[in-house]
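**Q** From Swiss-Prot, for reference:
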{"type": "REGION", "residues": "52-88", "note": "region 'Disordered'"}
{"type": "REGION", "residues": "190-680", "note": "region 'Disordered'"}
{"type": "MOD_RES", "residues": "Ser224", "note": "phosphoserine"}
{"type": "COMPBIAS", "residues": "291-307", "note": "compositional bias 'Basic and acidic residues'"}
{"type": "COMPBIAS", "residues": "359-370", "note": "compositional bias 'Basic and acidic residues'"}
{"type": "COMPBIAS", "residues": "704-714", "note": "compositional bias 'Basic and acidic residues'"}
{"type": "REGION", "residues": "704-807", "note": "region 'Disordered'"}
{"type": "REGION", "residues": "822-1096", "note": "region 'Disordered'"}
{"type": "COMPBIAS", "residues": "916-929", "note": "compositional bias 'Basic and acidic residues'"}
{"type": "COMPBIAS", "residues": "990-1003", "note": "compositional bias 'Basic and acidic residues'"}
{"type": "REGION", "residues": "1288-1325", "note": "region 'Disordered'"}
{"type": "BINDING", "residues": "Cys1575, Cys1578, Cys1602, Cys1605", "note": "Zn(2+) binding site"}
Amino acid sequence: MHRAVDPPGARAAREAFALGGLSCAGAWSSCPPHPPPRSAWLPGGRCSASIGQPPLPAPLPPSHGSSSGHPSKPYYAPGAPTPRPLHGKLESLHGCVQALLREPAQPGLWEQLGQLYESEHDSEEATRCYHSALRYGGSFAELGPRIGRLQQAQLWNFHTGSCQHRAKVLPPLEQVWNLLHLEHKRNYGAKRGGPPVKRAAEPPVVQPVPPAALSGPSGEEGLSPGGKRRRGCNSEQTGLPPGLPLPPPPLPPPPPPPPPPPPPLPGLATSPPFQLTKPGLWSTLHGDAWGPERKGSAPPERQEQRHSLPHPYPYPAPAYTAHPPGHRLVPAAPPGPGPRPPGAESHGCLPATRPPGSDLRESRVQRSRMDSSVSPAATTACVPYAPSRPPGLPGTTTSSSSSSSSNTGLRGVEPNPGIPGADHYQTPALEVSHHGRLGPSAHSSRKPFLGAPAATPHLSLPPGPSSPPPPPCPRLLRPPPPPAWLKGPACRAAREDGEILEELFFGTEGPPRPAPPPLPHREGFLGPPASRFSVGTQDSHTPPTPPTPTTSSSNSNSGSHSSSPAGPVSFPPPPYLARSIDPLPRPPSPAQNPQDPPLVPLTLALPPAPPSSCHQNTSGSFRRPESPRPRVSFPKTPEVGPGPPPGPLSKAPQPVPPGVGELPARGPRLFDFPPTPLEDQFEEPAEFKILPDGLANIMKMLDESIRKEEEQQQHEAGVAPQPPLKEPFASLQSPFPTDTAPTTTAPAVAVTTTTTTTTTTTATQEEEKKPPPALPPPPPLAKFPPPSQPQPPPPPPPSPASLLKSLASVLEGQKYCYRGTGAAVSTRPGPLPTTQYSPGPPSGATALPPTSAAPSAQGSPQPSASSSSQFSTSGGPWARERRAGEEPVPGPMTPTQPPPPLSLPPARSESEVLEEISRACETLVERVGRSATDPADPVDTAEPADSGTERLLPPAQAKEEAGGVAAVSGSCKRRQKEHQKEHRRHRRACKDSVGRRPREGRAKAKAKVPKEKSRRVLGNLDLQSEEIQGREKSRPDLGGASKAKPPTAPAPPSAPAPSAQPTPPSASVPGKKAREEAPGPPGVSRADMLKLRSLSEGPPKELKIRLIKVESGDKETFIASEVEERRLRMADLTISHCAADVVRASRNAKVKGKFRESYLSPAQSVKPKINTEEKLPREKLNPPTPSIYLESKRDAFSPVLLQFCTDPRNPITVIRGLAGSLRLNLGLFSTKTLVEASGEHTVEVRTQVQQPSDENWDLTGTRQIWPCESSRSHTTIAKYAQYQASSFQESLQEEKESEDEESEEPDSTTGTPPSSAPDPKNHHIIKFGTNIDLSDAKRWKPQLQELLKLPAFMRVTSTGNMLSHVGHTILGMNTVQLYMKVPGSRTPGHQENNNFCSVNINIGPGDCEWFAVHEHYWETISAFCDRHGVDYLTGSWWPILDDLYASNIPVYRFVQRPGDLVWINAGTVHWVQATGWCNNIAWNVGPLTAYQYQLALERYEWNEVKNVKSIVPMIHVSWNVARTVKISDPDLFKMIKFCLLQSMKHCQVQRESLVRAGKKIAYQGRVKDEPAYYCNECDVEVFNILFVTSENGSRNTYLVHCEGCARRRSAGLQGVVVLEQYRTEELAQAYDAFTLAPASTSR
């Protein structure tokens, strides 16, 4: 179908691939960075005639060029074969395809097709065919090596560029398939639900491009209007090969979707012809049109490529700036198992018209490009052809590609593990790199939306990850979409950040990619089957929601939304897509076992779902550029809008495989909310991810029963039960078709889909909700109505009620009512799977973590369930719930809802979007009429009030919900209105009766169980009965939300997990029960309405569900105990909580103003208790100074010395004889030696008045004062040495003279040495040389080495010294300083910086007199300073001893002789005066003791209050210590842990406020030895989140500010760049890893 992805070197990094080159026969030509004129995109002839011979390549705009060097020149890689005649191979090709159309499960034919393509060096198509052969049972031993060889060849070609430019001799398999399948479509057109299947549009129709397209290089222009693409190649029109994704069904308004065509090939275009000329056309907007598989497949490759070298195509697939020929859709995509060739996938993704200047090649090569240039939409939009249109244009992508992708989606999702290349399809994150391949236009246009696979994620992932779905990789293997960086709220911002910030901080590695123009919002448009991409969950009604989400959702919901006008209905989130995949029964493929997922996918599934990675799982089928469609939906803030939906998804992805983690590293991800993986953690505790033993088996049985029930329901609904669809076909179809197929049908599918189908399932589920979905997978796709038509009445689309339900569920996202009974699940065959995934968290993909697994499971719900109880557990209830009232894929809706809230810059505010959604839902409900609901059992009715899913519906009702919704009569609508009113009343009533009703409901449910002998699942939502649960769900806003919350209460964007979690379904119940308990009527249940309303009222809440099996007699009861995850208030956090709890609570916290919580807990204080009330006698006011006399070196290294010095009760310790015992050579610090070593070294000089040490007189000498004169100046060591020497000589001279005078006047006894007791009135001026820096290790090497002889705790540097963990130099603290003194030199009173300890050694020859006061009295001394008009922290003051004594403050006073070491303990207030000529050396030490740490933090906070700089960045130091030191002291551990806790809270609160405000946050990791940052204005430490401005607009000087100062400069932070130095995941990991170490026994 598509040419193999270009090898890394094949094209210029920034070169985009021209879609025109995609024409089946035309030579491949790379597109210029911008989309070429539409002509370039014109598809080759679609008729069989054109298939035989390649049409002339569409004229490329001058800019189109394949050569990396010259875009305007066609470039053929050296040695690339030129187009050759097909000879007779076309006939063989047609014959094989025709045979496969009849029966896809013919591995021999697939292998033959592969050989045909291989003979023509079309490794992409050959690989797809071989993969399909494997899917259908081909010999892996034989095909595996071939695939590996082809992939190697592709990779090589990709690097050489040969295959990229080589014209395809044989038409792409997808083209042929589509053309031949047209006949089938014509026959079954009506079934598909769209207008009768169109014949493939003639090439001319497709080729003609509006002049705009031709002229516009932008992706939008490049993409021709939907009509053009539709005509050219409607994926929907043409059947797709089994392996190919199903084209999304057109979104025509025809009321009844035509019966689904027979399932030709799994991937065949069972979807209606691509009728969405405008509406239905596959467009970036209608990402849905593309089959999930394709969507998933193409984008995934790109994404994956970036991440995994193994991927054959490291570069992003060429982006088709113009509409690629529709027929060019990924026809060759392997129908089944094998992932699509990466190249194909990449080709499959059209660049969503990328604005000029945004080159994909750039994205590939440059990180910025990957991150920012590649728009998530672009990635998602990647389709073999130009599936996505510019955001504003209708999708150009052909339906066929869509269908093909959908078909393949499943299989692609679960490529055979053994198949080489499976690795390629790894994660959306990987895809991102691939998406880089897309033409710039693709990226640009798609930026708003992710590729189907990444569609949802793309929102979160502005960068590449979102754009192309990762190549199909084993479902389990495929990592979920990029995690953290995909966060919903930040998604959009993230995307923008990626571009803007990258440009700002990383520089645009390529021409900046203009943000893709927002796709026109289509209110009514439920994208074509974008099921794959739940991303599109957003409704058209939620334009604020990023377009990307809409696209996904439209794809997934295309079927369900098709008929319903509910543009508002959001498309199911990725999780749903996954589900949809699951529903289709499919034989386990090598990659996926029916029981594959041990729930592994579940965890991944949720995460992947957001990025549409679920779809990606689909054997690399190309994703629709569905994300573009979302973009269309929200043109205003495509980037931002998308961000939010992906946010939830991205969150889910966080837990996803590391691959995703890589993505977060991107700049764009900077914007993501805390890390992706973490978010998952934050969202869901591991315990919730584990199902009880034996649950997997139970779930299998439930799946089977659900499948049967679904089939029955489908029949009842008037829709033929979806044929099992040959397993291969089903597998292929499952990506989208799965919706129609019971979720439970294929455990294997579930596994594969779990990961990738999460998104697909979401979409699928919506489809399933509609009766038509029961038809083969293609029909579900076909079902999707044109996005623009919100009211299409086609039967296949869900009724407005179902759509509303979906929307409600989506909005509710995380809060799903889990009907314990499986009946609800079984009620809807299709919806069931959907329901399972319906919990796609809106913004809480992250929240889904616990749920994320569940949604995944749901995505492949039942199958997955059987294989992994986890999945099935969540899936069943969700399915049921969905069926009942949330039928419209709630998940998608949830993502939609979250996106609006998440979207920061979106056109509308979150509240506005939610309000709009709520109104839309009500309208839908009214339209639909609630006839079905009314018939529902009373209990059901009550329950529906809370959650439509919970209510039991008669089989008829179930049918109606499943497919009859569209046909709801006017009376039904009236009833719905009435029901809505009832819902409101119930909601209010529930608030009052939440406590009682749950139990009553439970009792009723239990009573029912005995009556029903079939297995039944009782949903216990926090002790809520089904009724109560429903009601509570209806009123998510209720405080009772905690109970019903799981189903009803919307999960907070950050906590989407509940949506998935609630899904831990009770196993599905037999069809009979399902019908009985089927969720409310097709009309939206009150619960759904309430959910929607509640969503608008606030974020959904998380809900955890556990399935408990209860056996009694012949009955097996499954109690889905929904453990409502109580929201932790930030104030309730303690150090016992994990980082996930901290992040979650902090994100949900609402803080007014600045976050000012202390880093210290008063309860942790270790200060000694000193009785200050007792009046001390005079002798105690002069206590003896703690002293130690060292007699040997052994004494110096005794632990007792450390304990004595650091004892909080000893403010100061003098160690006598230290130099002698350690044999320190103090001569190294003598003035003479210093002058010789560096005589020109700077010395700070303090000019003072010489006075007695215990006195401090004013200038008049009449009274003592506290202020101390000490003016500052500078000189050199040599000059000060001269002054010191001369001062000494003068002193000697004066001494001699005084002696002579004494001898002459022996009677005189009043004389006193001037130096010791100068007359205050003499004002003898002296100079004190201080703060001489000896930090230069080279210059002062001998001196510093001598100090290494000291005990470890006294050394300048040691592991036990906090100052050694600062990471940078702090002069005078973690470096040595020298003081040169003359008699009278004073060191005024002070406490050391941040209350750290200090070491001072007197070098001699003179003495120093010390005064010290315990830290306990510092406040009293500070008060004295204030009274005397001197600043305690920064001023020079000399205490009046009498004042201290009068205040009952004991003062330690002693003399320090040469060789004595003084240890100043933490916080000790001290002042020193030299009594002789001497030098001193000193430095600070921060022993790791609780006392030291407490005092350091106290002073840190006090400095902030006093606007004084804390020289020691305590928060920075605390994190460094936590990462590098093992703490065994419980008190110290608690203090540090608490500090980290507060730091994380501060970061999260600050981050969330910025994200909510729409401010982009760029990630800029720290580098080695990078200093801590301080605010340029207030000198407060700025940790992690920096507010940077450029000084005077200069690029050379950047200033860091704290948030307060930055906002003072600009309230809206205009002109301020916000940088993030640590990802939330990094901090969380350090936080959780910091544990109390066992105490050492060495002592």
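Cβ atoms are placed via backbone N, Cα and C, with glycine included.
Keep in mind the model is a prediction, meaning the values are calculated, not measured.
Situate these features within the shown structure.
**A** Residues near Cys1575 (Zn(2+) binding site) in space but far in sequence (CB under 8 A, at least 6 apart, same chain), listed by position: Glu1581, Val1582, Val1600, His1601, Cys1602, Cys1605. Cys1575 (Zn(2+) binding site) falls within neither a helix nor a strand when secondary structure is assigned with DSSP, and so counts as coil.
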**Q** Give me the long-range Cβ neighbours of Cys1578 (Zn(2+) binding site): same chain, 6+ apart, Cβ under 8 Å, in sequence order.
**A** Asn1507, Cys1602, Gly1604, Cys1605
**Q** Let's check the environment of Cys1605 (Zn(2+) binding site): how many other CB atoms sit within 10 Å of its CB?
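**A** By my count, 18.
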**Q** Give me the count of other Cβ atoms within 10 A of the Cβ belonging to Cys1602 (Zn(2+) binding site).
**A** 25
**Q** Could you give the number of helix, strand and coil residues in the compositional bias 'Basic and acidic residues' (704-714) as assigned by DSSP?
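**A** Across the compositional bias 'Basic and acidic residues' (704-714), the residues distribute as 11 helix, 0 strand, 0 coil.
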**Q** Identify all same-chain residues not among Cys1575, Cys1578, Cys1602, Cys1605 whose C-beta atom falls within 8 angstroms of the centroid of the Zn(2+) site's C-beta atoms; report them in sequence order.
**A** Tyr1574, Asn1576, Glu1577, Asp1579, Val1580, Val1582, His1601, Glu1603, Gly1604, Ala1606
